[in-house]
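Per TrEMBL, the feature transmembrane segment maps to 12-29, 35-55, 76-100, 120-141, 153-174, 186-209, 253-273, 279-301, 313-337, 349-370, 382-402, 408-429.
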Amino acid sequence: MIQGVLMNLMGFVDALMIGQLGETAIAALGNAQQLVSFLFLLMAALSIGGSVLIAQQRGAKNPSAINDSTMAMVQIGLLAGLLLGALVWFFAESLVGLLTTDLFRAPALRSSVPQVAATYLHLIAFALPAMLLSQLLTGALNALGDTRTPVKVAVSFNLVNFILNYVLIFGLGFPGLWAPVFSPLGLVGAALATLIAATGQAMVLFCLARRQDNGLDLSLKRLFRGYGATLKTIFRLGYPNTIDGFYWQGARVFYTVLINSLGAIAYAAYAIVRTLKTLFMLPIGGLQTATAVRIGQLLGAGQFKRAKATAWIALWVGLALMTVPASLLIVFAKPLLALYAITPETERLAYLCTWVLAGSLFFTAINAVIPGLLRAGGDAAAVMHITLLSFILCGAPLAWLLGVYGQLGLVGAFVGISLEEVFKSALFVRRMRQYRWLNQLATG
């Protein structure tokens, strides 16, 4: 937990660094990260499907199958990363222009956000294979019960990224305090720091996974073998999560476009609030991963009663944990927002949204814990359907009605987005209580 706190705090400080560059940089980074997140979650079948399969293979004590599953994830992950990197490199500005709607405007009326975001994404494109490889290796190690190694490596390279961000973004200077030693690189510096840190993280994680006594055989010669049957199983288990990821990130893209239509100030405020949400959702992150892995292991061993009890305990613990960040968010919202170099209007909008966010954190916690245990039992299709229904029936119409039609702007749209979390949590609890996820998917 302490390592997770440090990692998220460094991510928050990184966002504050970009926040010193003004609303345009904040909006450019927010749109760029939304694009990358959308592309990554389309590959969720690899990570989720592989993790579920490995967890159950471990419970069934089948080391040979574990090796095949892990190497299949590494093999297809590298290929997918290269393809995504090429896509981002060639079409960065146009893709961001779709999010900001600048692509549909006359050239004279377009904002500078897509162009600024493209300078960031052209470097991030080279980091995508390493980022995807780290994600897949982390999923495999977590499924094997080794949650410490990925976290330690991630914390270490987040620290590297944090230091490089400061050096490259500001040139060893700081706005309003002292002059830079060399020419600041701004947003390009942030991208370069991410590229270096992501590449280093993937290399170290791969080397540690090969050397540690976890039963994995990650020799390079195995990388070029065929794993057709294993990949088929991984995609079968994970494809519903890919569709779910498409729905979930599709919803985020819709909200991004909707809020961009309200203006750059509104989107900058929204991006800041999303950063705060990531920070204050920290307590649930470790519980989410640990619950999914433990449920998978119990199901693989056929211990259904223990799996059922563990699921309910995890849910109640998650709700109890969220009382702390929700309270802290209310108390420290204004001091945190004061750290950004933003206009008073941007700060006002972000502050109002933090109150809405604080109330929605409890429902977001439910929506973080339950999908993991449903997927662990092969009920990933339910996650997909609930995600889609929540967006179509609640989130999208309410965000548009309150934010655009009702002319309540960002605050109204954010209320609609938060009500989607409430609606979704009710559906997830209902599905969990049906216990269709109590399945053994792997055998010895």
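Backbone N, Cα and C define each Cβ position, glycine as well.
Against the transmembrane segment (76-100), stretch 120-141 shows more Cβ pairs under 8 Å than any other of 12-29, 120-141, 153-174, 186-209, 382-402. Long-range Cβ contacts of the transmembrane segment (12-29) within its own chain (Cβ-Cβ under 8 Å, at least 6 residues beyond either end) map to 96, 100, 111-114, 116-117, 120, 161-162, 165-166, 169-170, 174-175, 186-187, 190, 260, 264-265, 267-268, 271-272, 275-276, 278-279, 339-343, 346.
Tertiary proximity for the transmembrane segment (279-301) is limited to same-chain residues at least six positions away from its ends with a CB under 8 Å from its CB atoms, namely 1, 4-5, 8-9, 11-12, 51-52, 55-60, 142-143, 145, 147, 307, 310-311, 314, 317-318, 321-322, 324-326, 328-329, 357, 361, 364-365, 368-369, 372-373, 375-377, 438-442. With a threshold of 8 Å between CB atoms, the same-chain residues lying at least 6 positions outside the transmembrane segment (408-429) that come near it are 251, 255, 258-259, 262, 266, 269-270, 273, 349, 352-353, 356-357, 359-360, 363-364, 366-367, 370-371, 374, 386-387, 389-391, 393-395, 397-402. Most Cβ pairs under 8 Å to the transmembrane segment (253-273), among the stretches 35-55, 186-209, 313-337, 349-370, belong to 349-370. Panel annotation: around the transmembrane segment (120-141), residues 28-29, 32, 35-36, 39-40, 43, 46-48, 50-51, 54, 69-70, 73-74, 77-78, 80-82, 84-86, 88-89, 92, 96, 147, 149-150, 154, 187-188, 190-192, 194-195, 198-199, 201-203, 205-206, 209, 214, 216 of the same chain, lying at least six beyond its termini, place a Cβ under 8 Å from a Cβ of the stretch. Proximity of distant same-chain residues to the transmembrane segment (313-337), defined by a Cβ-Cβ separation under 8 Å and at least 6 residues beyond the stretch ends, is recorded for 272, 276, 280-284, 287-288, 290-291, 347, 350-351, 354-355, 357-359, 361-362, 365-366, 368-370, 373, 432.
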